[in-house]
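Asker: Take a look at this one; I'll ask things after.
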Amino acid sequence: MSNPTFQEQINDLWRTRPVRLPDQGHVAGVCAGIGYRYGVDPILVRVAFVISTIFGGSGILLYVVAWLTFPRADIGQTAAAPGRRHRSDKHTKTIVLVVALAIAATTIGPLGAGQGGSGLIGVMLMLGGLWLLYQRQPVPPVLPPSSTQHIGAGTVYPGTGFTPGPFTPGYFAPNQPPTYTPYTKLPDSYVPTDPAAATSSSESAPAVDLSKSEPAITPPAWDPLGVAPFAWDLPDPVTKNPPLLPLPPRRRRSRWTLTVLGLAIIAATAVGAAGAATGNDWFTPGRVGAVGLAVIALGLIFGAFFRKGYGLLIVTGPLVGFVILASLVYPLEFDASGEQKWTPASVSEIQSSYSGGFGSFTLDLSELTFTEDKTIDVSAAFGEFKVLLPPTVKAQNDCTVVMGDGSRCLDGGVHAGAAAGPDAPTVTINAKATFGALEVHQ
């Protein structure tokens with residue numbers, strides 16, 4: 001027997017791919033199906049999806065792809081295929097796709113953490129793990145009875161399922177009289193078995209039986225070659241399939257998710273209203289979102305004891321991204337947006353700090369004469385901030401960029417300008433950019 005080629009193994013991997021088990025899973029039954037198909041704990045599969053989602057964002061996309069391509073166990077149909085579909089799949093398909101695209105945009109895009117190729121590495125590691133699981137157990141197991149009771153017996157894996165035949169287990173019952181069929185050979189005449197039924201006109205005249213009866217043919221007890229004629233008279237097949245088992249009772253849908261979401265919205269609204277009424281700078285958008293996130297976190301913790309509230313996980317990811325992003329870019333100054341340039345006429349007009357919101361910003365100090373040390377803070381939320389220093393001073397800068405380019409600043413330490421004397425003052429620039437680039441030139 002020759003070993004299968006790589007292409008044949010790929011085809012067999014797709015043909016025997018796992019099925020979704022929603023009754024045993026938390027969301028769509030993907031992890032439960034993978035764990036049952038390859039004989040591993042579904043918790044390990046869920047941990048792998050979560051880790052690949054955090055580092056690169058590929059986990060959520062792979063989960064959605066598996067949800068669309070893995071058939072559901074009780075109907076044998078994928079979520080992307082048209083036709084009969086559960087009502088829960090119809091309502092959640094659009095929501096899951098929108099949330100997956102939103103998370104992918106914040107994690108794999110240029111603003112996310114997947115910008116060093118970590119997303120592609122996560123996809124390769126996940127697919128490699130699936131390949132190793134297939135090599136460990138290439139033959140799919142039989143599905144549990146709870147998943148096959150609606151569609152008959154069989155493995156019901158894609159490409160390996162079959163429909164049960166029309167013959168019931170008690171069809172070929174032993175010691176049963178033969179059933180007459182259109183091909184049964186009948187005798188030429190019938191002879192009464194009761195002697196009293198035969199009448200004669202004269203008692204003295206002997207009764208003469210003019211009928212021709214053939215002796216009954218009985219199949220021999222030992223017929224190894226199957227040559228006895230009557231041994232081949234089989235009954236007609238039963239065309240009616242056996243009745244299907246009744247559907248299990250529908251589980252009552254919990255309202256825990258909707259209740260916790262409502263409480264989170266109420267808490268965030270109350271905190272935002274308090275901030276608007278008092279005018280306190282503490283009530284930032286990031287902190288308002290963090291209050292709602294805290295309520296959802298409590299709902300997940302308490303719901304874990306009662307196996308409820310798994311739908312809160314769909315909202316948790318985008319809300320965490322919003323809180324992190326709002327904490328990084330707040331406060332936004334929309335007045336200082338666009339292309340701006342500050343050129344103080346004297347050293348006394350220099351402000352202690354300069355900040356910009358969206359755009360390109362330039363602080364030109366190249367024409368000033370400094371007589372004492374000076375420290376200036378500059379910051380930009382989205383954009384580029386450039387600082388120009390005169391050659392008659394000693395320069396020192398501290399550049400911090402959250403996401404962007406900070407390599408065009410001066411190197412660490414104190415840098416003396418081309419025309420700076422030994423007693424020249426030192427100008428210190430503390431620059432910070434959230435999303436953008438920083439430049440310091442002398």
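Just so you know, glycine gets a Cβ as well, placed from its N, Cα and C.
When I checked TrEMBL for this same protein, it listed these features:
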- 195-207: compositional bias 'Low complexity' (COMPBIAS)
- 17-72: domain 'Phage shock protein PspC N-terminal' (DOMAIN)
- 191-212: region 'Disordered' (REGION)
- 43-70: transmembrane segment (TRANSMEM)
- 91-111: transmembrane segment (TRANSMEM)
- 117-134: transmembrane segment (TRANSMEM)
- 256-276: transmembrane segment (TRANSMEM)
- 288-306: transmembrane segment (TRANSMEM)
- 313-332: transmembrane segment (TRANSMEM)
Asker: Is it possible to list how many residues within the domain 'Phage shock protein PspC N-terminal' (17-72) are helical, extended or coil according to DSSP?
Answerer: 34 helix, 2 strand, 20 coil
Asker: Given a Cβ distance threshold of under 8 angstroms, which distant residues of the chain, six or more beyond its ends, lie next to the transmembrane segment (288-306)?
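Answerer: Long-range Cβ neighbours of the transmembrane segment (288-306): 256-257, 259-261, 263-265, 267-268, 271-272, 275, 312-313, 315-316, 319-320, 322-323, 326.
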Asker: Any idea what the model's mean pLDDT is for the domain 'Phage shock protein PspC N-terminal' (17-72)?
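Answerer: A mean pLDDT of 81 is what the predicted model shows over the domain 'Phage shock protein PspC N-terminal' (17-72).
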Asker: For the transmembrane segment (256-276), find every same-chain residue at least 6 residues outside the stretch whose CB is under 8 Å from a CB in it, and list them.
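Answerer: The answer is 282-284, 287-289, 291-296, 298-299, 303, 306, 308-312, 315.
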